[in-house]
Amino acid sequence: MDVGQMQRQWLDYTRSLFIEGFLDNQFLQLQQLQDENNPEFVVEVVSLFFDDSERLLKDLNFALDQQGVDFKKVDAHVHQLKGSSSSIGAQRVKNACIAFRNFCEDQNVEACLRCLQQVKQEYCLVKNKLETLFRLEQQIVAAGGSIPMMELGF
């Protein structure tokens, strides 16, 4: 596959992530902060998001598994996950966190457990999608090409 084909594949794949609601414009804004002085900026920020999310999901699992659930603690973890997912543009994770926080307010353990599963699923999906996107970028660069820029609102 030549560089032009890989770049088109990258553009099509990236568009699909927006159309399917995995990402929002915040991700494009993150990409615009990347330049030749810091070519790994987006990968680094998203990797921090992955690490943070893994820790928060474990903390949520533990907190909801306790006999007397501390809903303030659960809500604080969900709030943090919502913020970090919002900061990289992981729209579906953010939206799942919003629903989760509503059930924390209601102190509904069963609903919180269902929401946790939904958040985990959305997180795994976006993680896989972004890892695929980054692999495509590596292939383009390895072939001597550059990553195309997407416009806000493409």
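Including glycine, each Cβ sits where the backbone N, Cα and C put it.
The domain 'HPt' annotation in TrEMBL covers 38-143. The phosphohistidine annotation in TrEMBL covers His79.
Counted with DSSP, the domain 'HPt' (38-143) comes out as 92 helix, 2 strand, 12 coil. Using a 10 Å Cβ-Cβ cutoff, the residue listed as 'phosphohistidine' registers 15 neighbours.
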